[in-house]
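*Asks:* This is the structure, below, for whatever I ask next.
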Amino acid sequence: MYLVTAQEMRDLESYTINQLGIPGHVLMESAGRAVVDQIVKRFPNPKRVVVLAGTGNNGGDGFVVARWLAFRGWEVDLWLIGSAVKLTSDAKLYYHACEQLLSIHHAEKESEASLQAHLMMCDVIVDAMLGIGYSGMLREPFTSIVQWINQHAESYIFAVDMPTGVEADKGHVFPVALRVDETITFNCPKWGHYLLPGSKYCGKLKVVDIGITPAGHTKALTPNARLNDPNDWNMYLGGRKQWAHKGTYGHVLIIGGAKGTLGAVAMAGEAAYRMGSGLVTLTVPESQHEALAAKVTQEMIWSWPGKDHFLPEIAEELKTAFQRYDAVVCGPGLGRFPGEVRFIKEILQTVKRPLVLDADALNILAEHPHLMQFRANDCPTILTPHPGEMARLLRITTEEVERKRAAVALQLAYQTRSVVILKGRYTIIAFPDGKRVVNTTGSPALAKAGSGDILSGIIGSLLAQEIPVESAIQIAVYIHGRLGEEVDAHSALYRDLLDHIASIRQLLEPTNSPGN
Ligand SMILES: NC(=O)C1=CN([C@@H]2O[C@H](COP(=O)(O)OP(=O)(O)OC[C@H]3O[C@@H](n4cnc5c(N)ncnc54)[C@H](O)[C@@H]3O)[C@@H](O)[C@H]2O)[C@@H](O)CC1
Ligand SMILES: Nc1ncnc2c1ncn2[C@@H]1O[C@H](COP(=O)(O)OP(=O)(O)O)[C@@H](O)[C@H]1O
Ligand SMILES: [K+]
């Protein structure tokens, strides 16, 4: 499913109106009806509702909702927020229809106390004040109404398209936005539904089709952002081939595991096996070999020259040894050590297969950005920063990263010619060709040490299985998020997460795919 900006949505709407000849008011009627369908799904028996309508087309949808809820026996209090002379032409049409059926309250003419009394007495509030047309600093009277509802209202709140105060493109909130239970949006989700802080205000998001030309239907109107959708990649999750041998599903190499952080490589390795790899090798400095051997069973261990840390020089025979691996993950538990810059440079140059850089490998890169020049253009590189690592990579604050997640992910992808996975609630995957994918799976169960290592292992595994890079990454991020949804948010350990890989993978496999 595509993810759009307000302008992309407006372009699709005007194509539908101007090229296909579907009048705007027909779209508005469909939008309002679709919202009513969702409302009555949640509340099958008529209730008391306050519909708050602005003067733009979002308000127009609100008039349609008010009319249909009244037909369905709901007790409707309809409030116009703003001056009737400012109504758009489509909104005016439905405003007049409502005038015949209901008495419309005008917030301009009535006291705040009167609106507040209505809001206190209703079961449901429909927010049709502002939608994708809102931008800048939220003005009065919206600010006061929103603040009051957020503080006092106990009713169930539906937002039409966007909660009032959430900006559609960047998810900005200046200074307040309405905190709603459900947002019903049209045709495509908007960026603001998934970016902070806006995403925190949207509640449950429902996307409904109202007959606007689908995004991507015409080349000129194809957005370059999507939600991570299994239909785009589940063809790569077939059953295991009957005649497979352990080499069939790739050999992953995981480099890391300094003293005290050996668990990181062990977890990444276990995740890679669980995701289907046939062979997994862990590389640690010589002094850690024994400790790691006591920890892992199925993984092979490649002792790296160097006592307490990796020696930076890679001898020719080691360079040759690298060619055995189908994908390489460098970083889990790597630590910082003398010669680290040389070491990362050698890895970037030597590894010709897909290379995932995680954790301290990213921190080293952040301090020495020139290192990326040693990576050949045709060798895929994947960077997996959490917001703190991203801040170091771009030399900005973590707050700025969180405020501009979509933009900074793309900036780093362009700068490094790498695929960037900016982790967190709604992980953003940015590709160096400008495409972006937003992942919606995940849970706070993943906010625990080790879950990043599991993600690296899963990515490495899928890359080694020679699934195309774009798909492998989307599969990994999606499945990793789903693992978090299957376990208890507080108590889950990494093994609990890994235990669900099999069932989630099976659910995602296309039906009737026995392998061959
Ligand atoms: N584009 C589409 O695909 C469709 C859109 N429809 C609806 O139309 C909406 C978009 O309509 P509009 O473009 O008229 O925009 P909106 O109705 O979302 O917003 C426009 C209004 O917001 C006010 N406004 C803007 N910034 C403000 C601020 N900082 N403080 C206070 N007020 C501010 C403007 O003065 C104007 O009255 C969508 O959200 C959706 O609900 C549907 O009717 C049908 C299809
Ligand atoms: N609240 C959350 N909701 C969804 N996913 C989360 C949440 N918190 C963390 N995650 C995910 O968990 C992983 C944590 O990675 P990272 O911070 O690198 O952890 P580690 O310290 O284990 O390496 C990321 O994939 C991130 O997207
Ligand atoms: K709204």
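From the backbone N, Cα and C atoms, a Cβ is placed for every residue, glycine too.
TrEMBL entries are annotated by machine, without manual review.
According to TrEMBL, the record shows the following:
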- 57-61, 131-137, Asp161, Ala264, Gly333, His386, Asp453: (6S)-NADPHX binding site (BINDING)
- Asn58, Asp127, Thr164: K(+) binding site (BINDING)
- Lys423, Gly424, Arg425, Tyr426, Thr427, Gly452: AMP binding site (BINDING)
- 9-218: domain 'YjeF N-terminal' (DOMAIN)
- 229-508: domain 'YjeF C-terminal' (DOMAIN)
*Asks:* Would you give the longest CA-CA distance, in whole angstrom, between residues of Lys423, Gly424, Arg425, Tyr426, Thr427, Gly452, the set recorded as binding AMP?
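*Replies:* This binding site's residues have a maximal Cα-Cα distance of 14 Å.
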*Asks:* I need the CA-to-CA distance for Asn58 (K(+) binding site) versus Asp161 ((6S)-NADPHX binding site), whole Å please.
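*Replies:* Here the two Cα atoms are 8 Å apart.
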*Asks:* When DSSP states are folded down to helix, strand and coil, where does His386 ((6S)-NADPHX binding site) land?
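*Replies:* For His386 ((6S)-NADPHX binding site) - judged by DSSP and reduced to three states - the answer is coil.
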*Asks:* Spatially speaking, which of the binding-site residues Asp127, Lys423, Gly424, Thr427 is closest to Asp161 ((6S)-NADPHX binding site)? Use C-alpha to C-alpha, please.
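*Replies:* Given the candidates Asp127, Lys423, Gly424, Thr427, the nearest one is Asp127.
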*Asks:* For Tyr426 (AMP binding site) and Gly60 ((6S)-NADPHX binding site), determine the Cα separation and express it in whole Å.
*Replies:* 31
*Asks:* Looking at the binding-site residues Asn57, Asn58, Ile132, Asp161, Lys423, Gly452, which have a C-beta within less than 6 Å of some atom in ligand 1?
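*Replies:* The qualifying binding-site residues are Asn57, Asn58, Ile132, Asp161.
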*Asks:* Near ligand 3, which of the binding-site residues Asn58, Asp127, Thr164, Gly452 are found, taking a Cβ distance under 6 A to any of its atoms?
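*Replies:* Near ligand 3, sequence order: Asn58, Asp127, Thr164.
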*Asks:* Summarise the model's confidence over the domain 'YjeF C-terminal' (229-508) as a mean pLDDT value.
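*Replies:* Summarising the domain 'YjeF C-terminal' (229-508) by its mean pLDDT gives 95.
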*Asks:* Could you check the binding-site residues Gly60, Gly424, Gly452 and say which one's CB has the fewest neighbouring CB atoms inside 10 Å?
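*Replies:* If we count Cβ atoms within 10 Å for the binding-site residues Gly60, Gly424, Gly452, the smallest count is at Gly424.
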